[in-house]
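Data first, discussion second: the structure below is written as C-alpha cells.
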Amino acid sequence: MNRYQTIIAGLCFILLLLTGCSTTQTSTDSKSNEDKKVTMIFSFKAANLDPHTGFIPIRAGLTETLLKLDQESNIEGWLAEKWHTDDNVNWEFTIRDDVHFQDGKKLDAKAVKDSLERSIEVNESLGSSLKIKSMKADGQNLSIQTTEPYPALPSELVNPYTSIVNIEAEKKAGKDAFRNNPIGTGPFKVKEFKPNQEVQVVKNKDYWAEEPKLDSAKIKFNEDANVRALALQSKEADVVYNLPSESLSAIGKDKELAIESVPGLRAHFILYNSQSPKVSDVKVREALDLLLDRKSIANDIMLGHGVPANGPFNSSLPFGIDDEVKEADIEKAKQLLTKAGYKENADGKMEKDGSPLTLEIITYKARPELPLIAQLLQSDASKAGVDIQIKTVENADTHLAENNDWDLATYSNNTSPRGDGSYFFNTAFTETGALNVGKINMPELNKVIDELNATSDLNERTALSKKAARMINKEVAHSYAVYPNIIVGMNKRILNWKPTAEEYYILTHTLDVK
Amino acid sequence: MFLIIRRRLIQLIFVLLVLSLFTFTLMKLAPGDPVLTILNADEMVVTEEDQAKLRNKLGFDQPLYVQYGKWMLNLVQLDLGKSYMNGKPVWDELMERLPITFELTMFAILIMGSLTIPLGILSARKVNRWPDQLSRILALIGASIPSFWLGLILIYVFAFKLQVLPSSGIGSYSQIILPAFTLGFTFAVVYARLLRAGLLQSMSEDYILAGRARGIKEWRLLWLHAFRAALLPVITVFGLSIGSFLGGAVVIEILFSWPGLGSLAVDAIFSRDYPIIQGYVLLTGVFVVIVNLFVDLSYFVIDPGIKRKEGTL
C-alpha cells in the first residue's frame with residue numbers, strides 16, 4: 001500500500017466510523033417497536049411552549065381549551081361541559097368535574113379564571129378578542145361578564161391561546177421553566193423540549209377522557225418542505241404537514257404512505273382597492289370576477305388540492321353558502337365592461353375616453369400559488385381586452401396599506417379560524433378592521449355585521465353570515481378564487497386519525513399505530 | 001502584537017458604529033413593520049386602533065433619529081433591547097443560539113480542514129494527474145453548487161436512500177455530519193486549490209531547492225517548510241470569507257432545522273423583529289473583526305520568519 005492508498009483508506013475509515021455511529025442512533029430513534037410512538041414534522045417552529053402565545057401545546061396534546069371545534073367546525077364543549085347566556089354579557093360556564101391537570105391538581109373554575117387572566121396578560125391581542133370585564137369562580141361554575149354584548153365569546157374561547165393551564169404550577173416552577181413545560185389537561189405531557197427543534201411528549205395516563213393510545217410522540221420542526229417530504233419518504237417521520245406539491249406523486253407511489261388532502265379554513269382571493277377609480281365601478285369588478293377561472297386555479301395551480309370558491313367561507317362549513325361557483329366567461333365580462341362605458345378599440349383593448357383599461361395587480365411570493373393566480377388572471381383578462389400588470393412585493397400587507405395607487409391584489413386569509421364568520425367580517429370589511437386594506441366601506445354590509453355581532457342564536461348567526469357573504473359577492477368586494485387544501489403526508493401505520501381543517505387538534509388521545 | 005490588538009479594537013468600535021447606522025436605516029427604509037405579526041392579525045380580530053397603540057408602544061411613531069438615538073443610548077449601556085416577538089432580551093436570545101451555531105461552524109471548519117489539507121497536498125504533489133484533476137472538478141462543483149442544493153442532495157442520499165443519517169435536528173454527532181459537511185465542503189474544495197497554488201509556489205522557492213540539495217527528505221521539506229508558507233494565503237482568505245461562512249450557515253440552519261443564530265436572524269427578518277436583527281448584525285460584525293484579528297496574529301505563529309515593523313503586518 002503506497003502513501004496515497006493509505007490516505008484514501010484512512011478517509012474511508014473515518015467515513016465508515018461516522019456512518020457507523022449514526023446508524024445505531026437512527027435505529028434506536030425510529031425503528032424500535034417496543035412502545036407505541038409516532039414522529040411528526042410541523043413546518044412552523046416553536047421557541048417555547050407557552051400555550052398563550054403559540055399553538056404547539058394544543059397541537060401536541062399538552063393543553064386544552066374550554067370549547068373546541070368538532071369535525072364539521074361546529075363549537076362544542078371540551079373542558080367546559082355547558083355554557084349559557086341570557087343577554088350576551090353575563091355568561092355562565094360549567095367546568096367538567098372529572099378533569100385533573102397533569103400534575104394531579106383538580107380543574108375547577110378558579111383555575112380556569114387564573115389561566116384566562118394569565119392568557120390576557122401574556123398575549124398582546126387576546127384582551128380585545130375576549131372582551132372580558134370580570135370573572136367570578138364558584139366551584140365548577142365560572143361567570144364571565146363581557147365589556148359589551150358579545151355573542152362571539154364561545155368562538156373566541158376555542159382559540160388555542162386561551163388554553164387552560166395550572167398557574168400554581170407556574171408559580172412553583174418559575175416562568176421560564178413553565179414556558180418549556182406547561183402543565184395542562186391534555187392527553188400528553190412534555191418529556192423533553194428543545195427550542196425551535198423538537199418536543200418529545202409522553203402519555204398522560206390519567207387523562208380524563210380515556211387513556212391515550214400512544215405511549216410517546218416526537219414533534220419536530222422543519223421549515224424546508226423538501227426535507228419534510230424526504231423525512232416522510234425515509235420513514236423517519238410518520239406525519240408531515242404542508243408537503244410540497246412536487247413530492248406528492250413520489251409519495252403517492254409508496255405503498256406505506258398516504259396523502260390526506262383536506263379542505264382548510266383559508267381562502268385565496270382577489271382584493272379590490274375601493275379607492276382606485278378604475279375598479280370602484282362595480283361593473284368592472286363584476287367583469288374581473290368573471291375573468292377569474294376558478295376551476296383552472298383549483299385544478300392546474302393547486303393541482304387538485306383546492307376547491308373553487310363561491311364566497312369567503314368553504315361551502316362545507318355550516319355558515320358557508322352553497323351558491324354555484326362562478327364560471328369564467330370572457331364574453332360576458334366584455335359585455336359588462338361595455339356597460340361600464342368601455343369600448344373595444346382597433347387593437348382589441350377596452351378603452352374609455354381614449355385610454356385603455358390598464359390595471360395593476362399586487363402579488364407576493366409567501367404563498368407560491370398567488371403569483372400564479374395573478375398570471376392566470378392577467379392572461380384571461382388580456383383576452384377580454386384588459387391589460388393587467390403584475391407587481392410582486394415582499395410584504396403585501398404593508399404595501400397595500402401604505403399605497404393607494406394599486407387596483408387589485410392577490411390575497412389570502414384564514415377566513416374562519418374558530419368556527420365563526422364574524423372574525424373575517426370584522427377584520428376585512430369594517431372601517432377599523434386591520435385587514436381591510438382595500439378600505440371597503442359598505443353601509444348595508446356594516447349593518448349586517450353589527451347585527452351579527454349582537455346576535456347569539458347560532459341559527460341566526462349562520463343566516464346573517466350567509467347574508468353578509470352574499471352581499472359581498474353581489475358587490476364583488478372580493479373575488480374568492482379557491483379554498484386551498486391542507487396537505488398532510490402520513491405513514492399508513494397511523495390509525496384512527498385524520499387531519500382536521502382548523503389544524504388545532506393534531507396529537508390526540510385516539511391516535512394509534514399498527 | 002499589542003499594537004495590532006489595540007488598533008483592531010478601535011477598528012471594531014468604528015465598524016460597529018457604521019454597521020448599526022447602516023442596518024438601522026436600511027431596516028426602517030424596508031417596507032413592513034412587525035405590528036400585524038405581533039398582533040397575529042391572521043388569527044385575531046385586530047383593529048386599526050390596536051395597531052396604532054402598539055406602534056406607539058414600540059416607538060414607531062417617533063422620528064427615525066429619535067428611534068436610533070434611543071437604541072444607541074441603550075447599546076452604550078450594553079442593553080440590546082428586547083425581541084418584539086417574544087419579549088426576551090436580545091442578548092439572551094443571541095447567547096442561547098450562539099453555541100449552537102458555534103458547534104456547527106467548528107465541525108464545518110474541522111471537515112473543511114480535513115478535506116482541504118489532503119486534497120491540496122495531493123493535487124500539488126500530483127500536478128495534472130488524477131488527484132489534481134479530481135480536486136479541480138471538486139473545486140468547480142464547490143464554487144458553482146448552491147449550498148442548499150448540496151444539502152438536499154446529501155439528505156436525499158444519506159437520509160432517504162441509504163437511511164444512515166438523520167435528515168435534520170441537533171443533539172447527536174450523527175446529526176451534525178450532513179450540515180457540517182454541506183457547509184465545509186464548498187469552502188474546502190476552493191481552499192484546496194489555494195493551498196495547491198501556495199505549495200507549488202513555495203516548493204519552487206530557492207530555500208526548498210537548497211534544502212533538497214542538502215539532502216533533506218521531501219516530506220520534511222513539504223511539511224516543515226513549504227506547507228507553513230502555503231497556508232498563509234488560505235488563512236487570509238478564510239478570514240476574509242468568514243462573513244460568507246456565516247451567511248452559508250444561515251441556509252444550512254434552515255435546511256437542517258438547526259436552531260442557531262442564522263435561523264434566528266431569518267425569523268427576525270421575516271417578522272421584522274428589529275432588535276434581534278440589529279443584535280445579530282452587530283454580533284456578526286464583532287465576529288468578523290475578531291476572526292480577522294486572529295488571522296493576523298496567526299501569521300506570527302505560522303511564519304515568524306517574515307520580518308515586520310512593530311505593529312504592522
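Just so you know, glycine gets a Cβ as well, placed from its N, Cα and C.
Look at TrEMBL and you will find B:12-30 (among others) tagged as transmembrane segment.
Feature annotation from TrEMBL assigns domain 'ABC transmembrane type-1' to B:98-299.
Taken from TrEMBL, the feature transmembrane segment covers B:104-125 (among others).
Feature annotation from TrEMBL assigns transmembrane segment to B:137-160 (among others).
The transmembrane segment annotation in TrEMBL covers B:172-194 (among others).
Residues 101, 104-105, 108, 116, 120, 124, 146-148, 151-152, 155, 167-169, 175, 178-179, 182-183, 186-187, 191, 194-195, 197-199, 201-202, 262-263, 265-266, 284, 287-288, 291-292, 294-296, 298-299, 302-303 of the same chain, all 6+ positions outside the transmembrane segment (B:230-256), place their C-beta atoms under 8 angstroms from a C-beta of that stretch. Look at TrEMBL and you will find B:230-256 (among others) tagged as transmembrane segment.
Proximity of distant same-chain residues to the transmembrane segment (B:276-302), defined by a Cβ-Cβ separation under 8 Å and at least 6 residues beyond the stretch ends, is recorded for 1, 4-5, 8, 11-12, 15-16, 19-20, 23-24, 27, 71, 80-81, 83-85, 90-91, 93-94, 98, 228, 231-232, 235-236, 238-240, 242-243, 246, 261, 264-265, 267-269, 313. Positions annotated as transmembrane segment by TrEMBL: B:276-302 (among others).
Here the transmembrane segment (B:104-125) has long-range neighbours at 131-132, 134-136, 138, 176, 179-181, 183-185, 187-189, 191-196, 198-200, 203, 222, 227, 230, 234, 245-246, 249, 252-253, 258, 260, meaning same-chain residues at least 6 beyond its ends whose C-beta is under 8 angstroms from one of its own. For the transmembrane segment (B:137-160), the list of distant contacts is 119, 166-168, 178-179, 181-183, 185-190, 192-193, 248, 251-252, 254-256: same-chain residues at least six beyond its ends, Cβ to Cβ under 8 Å.
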